[in-house]
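Okay, structure first, notes after.
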Amino acid sequence: MKPVNVGICGLGTVGGGTFNVLLRNADEIARRAGRQIIVQQIGARRDNPACNTHGTAITRDIFEVATNPDIDIVVELIGGYDVAFKLVMTAIENGKHVVTANKALIAVHGNEIFEAAQRNNVMVSYEASVAGGIPVVKAIREGLSANSINWLAGIINGTGNFILTEMREKGRDFADVLAEAQALGYAEADPTFDVEGIDAAHKLTILASIAFGIPLQFDKAYTEGISKITAEDVQYAEELGYRIKHLGISRRTENGIELRVHPTLIPEKMLLANVNGVMNAVMVDGDAVGQTLYYGAGAGAEPTASAVVADIVDVVRNLAAENEGRVPPLAFQQDELSSTPVLPMTETETSYYLRLHAVEKPGVLASITKILGDNGINIEAIIQKETAEYQVPVILLTQRVKEQTMNDAIAAIEALDDIIGQVTRIRVEQLQG
Ligand SMILES: NC(=O)c1ccc[n+]([C@@H]2O[C@H](COP(=O)([O-])OP(=O)(O)OC[C@H]3O[C@@H](n4cnc5c(N)ncnc54)[C@H](O)[C@@H]3O)[C@@H](O)[C@H]2O)c1
Ligand SMILES: N[C@@H](CCO)C(=O)O
Ligand code: NA
């Protein structure tokens, strides 16, 4: 059969990895795809020293790739929302199939992109965009299609998990570990996307869509990063039998879908609590299958290329089909997406870890517990630390309560004369049932 021609746009970390994997494993990939897959053209601002592109056409203008009549599949690996969006729409309008690793693009412009793909009878695949090399999109979209999914929770930013792990295990400095993650090619072009939870929120938006059959709604995701986590919270969490992980959580409730990214205390014995370094893991709870867990490298050149190339193979295998015979991009048929709302964060229910600093004098603890009690918040555990200073750290674990109720209680506690500074709040999840 005639070979399939691919054009790669962007030859950085992932573009370079994709080029190298396609070349190195060309024979086995062809045996799987049923056709040879050729890199016909590369669109890149500069060469990548990790790639031997000798003999492959390179243009500095990526739009030449998107309009090249010889190219069947455009692989978008430049990143960002603006040029990447124009590039992908141009490719689609020119009848090309698209493979991308760009979660920002899919989370923000995906609804429009998939609609254009449907009109033009082309495929847009994005496995590499969520949890790097882990085939979690495929697992949810195809492997779990029998289930009504109850919830999913994942460590879905490799850079953030790498930073938290190095800080906890080696006591390393935040900025120093972030610089290493950047040097290793894990971080986004703007690393605040990693440390402030934006990248994880992009990925969670995609996961929630394919799990619950709702349109992509990045603007509704609650987003909190890891930049405010302190060494003392890590230590107190451990004393209570928990680890702090940066999680994306999406849950079906009676009133809507929770969509939230934030640092979370989870029991230290859970597998998820022991996912370290750049590794990612996603737990999915389905009504038929129960709990499942998907684990692997969440970032890096070749782990991500693994997912990009698998998507290329999938596209090649489905070239002869029409869109209605293909797997729908968001798992559910496009005219079957539901209008179930995303719950505002204030309506979300979790347990909480609270850390506050109180003046050491009789009655302070009683005032705090009274405020919690008046708001109907049950306390699971209290630790009051001994200290030589006049202020003492108090750590509380609460039972499940609505975020709005906790907001009210925290405001009242912070207004007490004997409370110093702000209350630190970290959400706690048992991730069972
Ligand atoms: N690095 C990872 O581990 C990883 C993992 C999963 C997904 N991703 C996603 O993959 C995409 C690429 O990430 P990366 O880490 O390879 O980034 P990168 O910065 O290493 O590579 C991007 C490349 O695209 C080039 N580029 C950007 N705009 C261009 C333009 N207009 N014309 C020509 N070239 C252009 C840049 O020069 C750069 O070489 C992003 O969407 C990122 O979110 C990255
Ligand atoms: N910057 C991202 C790349 C993978 O999507 C991360 O660290 O997880
Ligand atoms: Na993936």
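Backbone N, Cα and C atoms are what each Cβ position is placed from, and that goes for glycine too.
Predicted automatically and left uncurated, TrEMBL annotations should be read as such.
The NADP(+) binding site feature in TrEMBL is assigned to C9, G10, L11, G12, T13, V14, G15, G16. Taking the Cβ of L11 (NADP(+) binding site) as reference, residues of its chain lying under 8 Å away and at least six apart in sequence are, in sequence order, F19, I42, A44, R46, D47, N48, C51, T53, L77.
The Cβ of K103 (NADPH binding site) has 29 other Cβ atoms within 10 Å, all protein chains considered. Summarising the annotation, TrEMBL assigns NADPH binding site to K103.
Neighbour count (other Cβ atoms within 10 Å of the Cβ, all protein chains): 20 for E188 (L-homoserine binding site). Among the features that TrEMBL reports, L-homoserine binding site is placed at E188.
Around K203 (active site, proton donor), the same-chain residues at least 6 positions away in sequence with a Cβ under 8 Å from its Cβ are K103, A107, S129, V130, A131, G154, I156, N157, G248. What TrEMBL records for K203 is active site, proton donor.
Marked as domain 'ACT' by TrEMBL: 353-431.
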To what whole number does the mean pLDDT across the domain 'ACT' (353-431) round?
94
I'd like to know which of the binding-site residues listed (G12, T13, G16) lie near ligand 1, counting only a CB under 6 Å away.
G12, T13
Local backbone state of L11 (NADP(+) binding site), from DSSP in three classes:
coil
Quick one: what's DSSP say for E188 (L-homoserine binding site), helix, strand or coil?
coil
Among G10, G12, G16, the most crowded of the binding-site residues [Cβ within 10 Å]:
G10
Under 6 Å from ligand 2 by Cβ, which recorded positions from G10, V14, G15, G16, E188, K203?
E188
